[in-house]
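Look at TrEMBL and you will find B:D137, B:L138, B:T139, B:R164, B:Q180, B:D184, B:R334, B:Y338, B:Y339 tagged as L-histidine binding site. Residues or ranges marked as compositional bias 'Basic residues' by TrEMBL: B:47-58. Residues or ranges marked as domain 'Aminoacyl-transfer RNA synthetases class-II family profile' by TrEMBL: B:68-451. The region 'Disordered' annotation in TrEMBL covers B:34-70.
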There are 2 protein chains.
Amino acid sequence: MLKRVFGLPLQSTSRRIFSQVTFRSMSEQAITTPVATPAVADSAKPQHPKNGKSKKSKLQVSLKTPKGTKDWSDTDMVIREAIFDTLSNLFKRHGGQTIDTPVFELREILAGKYGEDSKLIYNLEDQGGELTSLRYDLTVPFARFVAMNNIQNIKRYHIAKVYRRDQPAMTKGRMREFYQCDFDVAGAYESMVPDAEMLDIVVEGLTSLGINDFKIKLNHRKILDGIFQVAGVSDEDVRKISSAVDKLDKSPWDVVKKEMVVEKGQTEETADKIGEYVKLNGSLREVYDALTKDATISANEKAAEGLKEMESLMTYTEAFGIDKYVSFDLSLARGLDYYTGLIYECVTSASAAPENAAELKKKSKSSEDASEYVGVGSIAAGGRYDNLVNMFAQASGKKSAQIPCVGISFGVERIFSLIKQRINSADIKPIYTQVFVMAFGGGKDWTGYLPERMKVAKQLWDAGIETEYVYKAKANPRKQFEAAEKAGAPLAVILGKEEFAEGKLRIKRLGPEFADDDGELVDANDFVQIVQQKLSEVHEDGINEVTRLIKGL
Amino acid sequence: MLKRVFGLPLQSTSRRIFSQVTFRSMSEQAITTPVATPAVADSAKPQHPKNGKSKKSKLQVSLKTPKGTKDWSDTDMVIREAIFDTLSNLFKRHGGQTIDTPVFELREILAGKYGEDSKLIYNLEDQGGELTSLRYDLTVPFARFVAMNNIQNIKRYHIAKVYRRDQPAMTKGRMREFYQCDFDVAGAYESMVPDAEMLDIVVEGLTSLGINDFKIKLNHRKILDGIFQVAGVSDEDVRKISSAVDKLDKSPWDVVKKEMVVEKGQTEETADKIGEYVKLNGSLREVYDALTKDATISANEKAAEGLKEMESLMTYTEAFGIDKYVSFDLSLARGLDYYTGLIYECVTSASAAPENAAELKKKSKSSEDASEYVGVGSIAAGGRYDNLVNMFAQASGKKSAQIPCVGISFGVERIFSLIKQRINSADIKPIYTQVFVMAFGGGKDWTGYLPERMKVAKQLWDAGIETEYVYKAKANPRKQFEAAEKAGAPLAVILGKEEFAEGKLRIKRLGPEFADDDGELVDANDFVQIVQQKLSEVHEDGINEVTRLIKGL
């Protein structure tokens with residue numbers, strides 16, 4: 001049986017693994033070129049009969065999830081769902097509606113949107129149909145959705161998985177499959193008004209998740225472009241210089257400068273000029289003042305546009321009372337190609353890499369888990385992208401339609417890691433069972449009341465009450481109490497051998513403090529109502545443990 | 001700009017599409033064999049320079065989702081989320097906890113689990129790492145999870161997308177990417193006890209979704225195997241004969257018989273004998289009685305085992321009061337390899353293909369959408385699979401551990417189609433906005449109170465109230481009322497030019513029946529409390545429209 005199920009597919013799988021290992025470097029260089037192996041030789045060659053045994057062990061199935069992915073279960077799942085709920089409610093509070101797009105898109109939809117990170121896109125195999133890839137973020141699918149449906153304006157949120165073939169750092173929450181929680185506003189509106197609301201959403205979202213020690217670093221692509229122009233970068237080099245600047249959160253200035261000069265062909269002078277500006281950071285007002293006083297910058301058309309917008313933003317962040325969270329940081333560039341205006345990234349003290357990162361990296365044994373020497377990175381990020389929808393509209397031959405967009409994406413796995421650190425007590429259960437139905441009896445004629453327990457449970461289910469019983473014809477009382485305790489049920493409904501025969505059920509509070517309490521004997525005809533009454537008493541006191549954890553109380 | 005973004009990737013994409021069209025039939029026959037095309041010829045060949053123009057139009061981006069997938073949005077999303085909520089609550093009621101597994105698994109994990117349907121699995125491209133495939137269902141990943149973590153027992157639910165390269169029938173809810181809502185119980189328990197609860201869960205789930213005209217067809221793999229043995233099918237032919245029987249819901253007996261005799265090498269006599277049995281169906285009791293009275297069947301060891309289990313099942317379905325929904329149908333076989341005991345499939349009258357299906361198929365223009373001539377199929381299905389976890393444990397070299405499992409999967413997109421048909425009024429909104437903040441004023445010195453509206457909205461957000469305002473510095477009253485109406489907000493908070501200057505806000509009910517109501521002028525210091533009070537009055541009356549729809553009220 002086993003041989004039938006695992007034998008054949010595994011043999012062929014393993015053959016592919018071997019050839020793949022051999023050809024790996026080749027296929028990495030030329031991913032789209034299929035590697036041809038002569039089919040005849042493959043089947044004609046002897047299958048190393050002498051090594052049969054050792055080969056068999058290599059044919060075993062690896063019981064694991066693919067690299068950079070993991071299963072979620074137990075209380076982790078409860079916490080993550082509570083985070084999703086908190087963020088969904090946040091987005092709904094701001095007029096958001098939700099959409100769901102396919103996990104893969106036509107490959108051409110994703111092409112050319114992610115700059116140097118495009119190499120991290122997962123492709124689906126060409127199985128005789130369209131060429132498709134797993135989505136890399138939720139923004140490009142959103143822009144495709146808006147363009148495809150000729151939507152003029154929408155506030156949408158989307159909580160879903162995205163995929164990146166990146167180097168995973170599991171314990172810090174950097175995965176190849178991970179959730180993003182996005183809120184985006186599409187539509188032509190007053191300058192910086194939805195943008196300011198995005199920043200407010202970051203503040204509301206994080207504080208409602210008990211995260212208070214964060215900073216929103218922000219910058220403006222037009223100001224950055226103005227700086228590059230002033231420094232002497234040609235228009236076609238702007239994006240690649242921008243992506244060099246983007247590395248400043250991980251690398252020192254010397255390294256970034258070298259990249260600009262040696263790899264990206266800028267003069268020393270240009271690089272130094274850029275270096276002067278990108279060192280600037282402070283409050284919105286401080287950096288705004290410094291730049292407006294700078295005659296070269298304020299004379300640059302692009303930079304001046306950006307500065308005018310930053311002026312409005314100051315008014316709005318003050319109206320929201322969130323200016324204290326904001327830091328204007330000219331070194332922020334964001335890697336993605338599609339941003340056109342305000343960009344932002346939210347970091348906590350836990351986001352930064354440790355001081356001795358390089359040292360830790362050398363010591364680290366595993367190349368898979370970089371958690372020891374890499375920070376969690378940003379926990380929320382986004383920006384304005386005014387041309388993306390239009391690109392899709394034009395490229396598909398539709399009438400050109402400028403639909404400006406601005407959005408924010410919460411990195412929920414990273415936020416999860418921060419919240420997880422707060423757990424002291426393990427009083428969160430993954431199940432919600434309220435009532436455990438038990439039967440006590442004995443003697444030769446004792447049936448165990450299994451169908452009767454089923455009938456009782458069914459009445460509770462029909463009343464919407466979470467109910468379990470042990471799946472055993474005759475279960476001893478200790479086993480039933482243990483199961484009830486494991487489930488965390490606060491209430492037992494007990495079918496006593498004689499009592500139940502007389503139409504009575506016993507309702508008892510569970511837990512050590514009720515050990516001596518025999519409970520209450522009630523009529524089997526109206527026990528459901530009494531159970532409901534008792535449960536409302538149980539839940540009267542105190543705040544839910546999950547809420548307490550999520551809010552950091 | 002556009003050229004840079006779309007130009008290059010598209011050119012290479014389009015080249016691959018052309019070569020793929022040519023080789024499609026070949027690659028369909030031998031999916032795992034890469035088709036080698038000489039790399040030199042490809043780049044050396046002229047790229048049809050004369051056809052440059054017409055080629056460019058072919059290079060356009062298709063603004064669509066991949067075949068068999070779709071976007072979900074607007075009220076459809078609201079309905080689908082309400083279905084998920086209903087089913088999550090159902091699963092929690094039965095002691096379920098939820099898990100989340102990656103959307104792709106190592107390819108070897110899926111190998112050999114799906115019989116003839118394995119060809120429908122989506123593979124990810126080999127990009128120099130592990131070989132992976134998109135999950136085909138949630139059952140195999142669950143069994144992998146249980147084996148990997150040495151779990152002895154768990155009741156888990158999982159609501160997530162699965163992937164099948166099937167022929168889509170969009171309007172009937174048959175998609176290539178679709179959600180499954182699964183509940184499974186793993187663990188060694190009293191025979192048929194969790195199995196009976198699965199059937200109860202189907203009944204509870206569907207009735208709580210307002211679906212009442214359904215039948216649960218069930219059968220037992222051991223009884224079916226016994227019938228095959230008695231009819232003279234050899235052990236190694238059992239699974240392929242079973243998959244022929246599985247086609248009886250779509251094909252007449254003649255066709256299935258021909259498949260058994262011509263394609264699958266059975267004698268006429270064997271086929272006819274099978275035919276006699278698989279025609280049997282009726283209540284659990286009727287078919288049980290007929291089979292126990294049949295001396296050949298009851299003498300067969302496997303069948304007798306199955307019959308004994310069916311006897312227990314009768315007691316339990318009667319205890320749950322769900323026997324009226326159950327039909328014992330010997331033609332039910334279920335395609336999947338891994339089932340070992342009870343199997344079931346739930347159908348509604350809408351599940352069946354129309355009588356004139358073949359005729360409709362001929363007339364149909366589109367091969368993509370088979371909705372006109374194909375029924376929705378089963379809306380829930382599942383069964384017992386006692387060996388799957390053990391297969392994983394053994395194949396991975398772990399100590400063998402028999403963890404019997406039984407599960408149910410709800411086909412939520414199909415259920416969605418049924419619920420969608422009920423919509424008469426369009427009174428369901430995709431957003432939940434409760435308050436719209438407006439400003440009325442005029443004159444030369446009128447600012448539009450935009451930062452002031454932001455401040456007011458912020459106070460409402462902080463109180464957890466869904467609030468919007470128009471993203472415009474100065475908006476005229478009509479535009480603001482229109483936006484509020486579109487959002488479906490029941491309440492307006494109005495900043496009058498003079499009133500607000502005096503520290504007052506106006507709170508007004510919205511909707512045609514309040515057209516003449518000027519609302520109430522309140523102190524800006526405690527307006528939030530008054531808004532909360534008014535909202536609780538708004539929601540006092542009546543049941544939520546979404547709940548009404550979902551429950552079919």
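The backbone N, Cα and C atoms fix where each Cβ goes, and this holds for glycine too.
Worth saying up front: this structure is predicted, and the values here are computed from it rather than measured.
Positions of TrEMBL features highlighted on the structure.
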| residue | record | DSSP class |
| --- | --- | --- |
| B:D137 | L-histidine binding site | coil |
| B:Q180 | L-histidine binding site | strand |
| B:R334 | L-histidine binding site | coil |
| B:Y339 | L-histidine binding site | coil |
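Within the model, the domain 'Aminoacyl-transfer RNA synthetases class-II family profile' (B:68-451) shows a mean pLDDT value of 90, rounded to a whole number. With the fewest other C-beta atoms within 10 Å around its C-beta, B:Q180 stands out among the binding-site residues B:T139, B:Q180. Counting only same-chain residues six or more apart in sequence, the Cβ atoms lying under 8 angstroms from the Cβ of B:D137 (L-histidine binding site) belong to B:Y114, B:V162, B:Q180, B:D182, B:S409. For the L-histidine site, whose annotated binding residues are B:D137, B:L138, B:T139, B:R164, B:Q180, B:D184, B:R334, B:Y338, B:Y339, the maximal Cα to Cα separation is 21 Å. For B:Y339 (L-histidine binding site), the same-chain residues 6+ apart in sequence whose C-beta sits under 8 angstroms from its C-beta are B:R221, B:G383, B:R384, B:Y385. Other C-beta atoms found within 10 angstroms of the C-beta of B:R334 (L-histidine binding site) number 22, with every protein chain shown included.
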